[in-house]
């Protein structure tokens, strides 16, 4: 072939040279492992063998072989060929001539430009061909066998306490989100939520929640606002997936999913020994010398590695794949950075769990890859992998905003030209235009920035935030712990003033409302040293920013309740819930207008049964709702007299005509009794303040010289002007702490009500005895000797009370044992009364209140009746439970009381205070005052109707008496505490 002919076919010669180089390399490296997805094409006897990635043009190959045979000795190698149709050759030739490029194979083409040497370029990214997942259900479970090859540990073991350290976890702003389990009814159109609290689930900080901690890959810690059922504590609770260890054909042990896994589900934590860079290199050489084939090093952060070679858990058996179904992610748990394996897609039960080692896993020498995926790179680990492959995770690539994230990993891994260590990723990112930051991408950027240890990645991420001008995006950055994350980045790169200026510019653009987030992040203490760092631009920017922040106000936030971690979770019972509802109904004022009742679910429509109507003859359909027509104006009430309705007001006005305007309010009640009660309470409080020493203030005050105050002496001697009853009350208050000291020791031996009554009795007895024998010199204080006597007397008194109580309980038990054989006697006592007390049996209904809900006055009068005749020694008769009778036909509701404020105090505290000894005696007086008066007599009958039927008078009169009785029974429960 002439030289001129070779010159005319220069473009073909370049393509053939590259093709021959690939063929020669594949033939010479016969000992190299067969690459998955590509090496199979080099087998001549394989039906699937296709020389398409290697030779694209048969004529070019033949031309090149002829030129080589004329200049060199003939080679015994037989070139691989591929048959093409003439139409395909013509189309490819035309395409190459038009574009100036020639396709070589594997997506690589030769680009020809005038005056420039030929360049190799990748025309398109190699997409992974989807294929059905391979299942390994037939392999046996080898978990126990595999666990014998290493030491199983639960958590990472750190070489020192500073290893794996990261910024402290931030508090979560989420609240509890309880979701009830829905039970399907027989009808598909009706759903009833479960009323059992045990069937509800707390979905707080779950996958579908807007939890800031979960979005930024931070686990909630300890006292979380979500409660003990927080869904964002997977590492701490070791919520591992159900997996098993299997023994593969070429890859050794592997992990198999025993159940279906959803995307992003936590599978296992990668644990081991956390070491720094020095021990990492030593162990690599040591394991290589020991003949350990598999390596288990994972990069935790810059200069820190997790070694699971000899210590770890089942996560170490997760193999490598170039097309993985799992990924490795790093989470902040407390003050440590931890690594976990997560599902990247939906994984079927029986699939092998694999992830890409090129991101964080390292080994001494390159090893052949047996993943069998179409996009397999051929090797795992070693220097070649470290130089050629990208070391960035998919999350970091997405956070950087690179458009072609799918093709980047393959393009960098297959790059023919070598790059310097650590520079190829940065150069590639610089060559790609990142996307603009939107509101949905803030989460990925802040999560990557939280764990970023590389300066160039931090600069790229900060640049995306800095270039954004959308106010909603900035608000989202602040919400995603923006101040805390930027504070950590500022402390990390404070020596680089360019990065510091970048962060300060972002902080200056943040919305400024309150100082709360600024104070919580403690970023001011980090910026303060920058005001004198030496760089004029940084100093000016930091000073202005601190001045702007100092003008902001601190917004008040309700502090979060601190939970006791040792406290048991309260269990809710449906019976307690019913009692609480009845309590609420009793406390709630009754409305005069009827409210619409809740309609129960109706059955199938009548048309579905051919118009026959309901099968049940008792089912008459829903009752029609009748709302009360035109209620009375405020302040007016209705009553009946001889079958006629008249209207009256609280002031005493009566009329037969229905009023249309609100009634004038009555004059306020006399204040004498109220003022007297208030004054007694005020005096008791003032006396208690005089006797209680003031606590030391937390804020130190300037000491002032003490001056003699004559008023202090007069105030101390003021008790001499009190009456004897008032002095006794003061002395009783003085004895109260010492009596209570003894009472507390007997609170588990005696009933609560008896204990209170005994304490009051012993206090009365001590006060009367000391005043009778003139042992009281100052009722506001007692000496140590008197204190010991009081405690000794109280102890003897309560010892006797306990002995009598135990004897009474013993007799009661013996009596019940004797009468146990006769059930009829227990069911119907002789005379219709119970054995324990003389009160008749009363039937209780579900809506009746218990003893604890009765009024204060009723309980106190009952207590006085039980304690009559024995005030110095404990009573042997047990207190019976107070019950209300339920009438068969309840009377109509009464008119409201004259004083509406009295009804609000029905449920006041029932506790007996030692500073109010005469509360029981005063209760009856107040109850008598609070009894409502019956309605005023009706006005004169109208002129048009002077006759009133006599038959209706008796009936209406009976109903009218029912109003008074009902109102009196309601008002009788008001005690002195409620009126005050």
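Keep in mind that glycine also has a Cβ here, set from the backbone N, Cα and C atoms.
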From 509-544, 689-724, which range did Swiss-Prot mark with region 'Disordered'? 689-724
Per Swiss-Prot record, range annotated region 'Disordered' [choices 746-766, 767-787]: 767-787
Find the average pLDDT over the domain 'Post-SET' (365-381) in the predicted model and report it. 77
Count up the helix, strand and coil residues in the compositional bias 'Basic and acidic residues' (772-787) according to DSSP, in that order. 5 helix, 0 strand, 11 coil
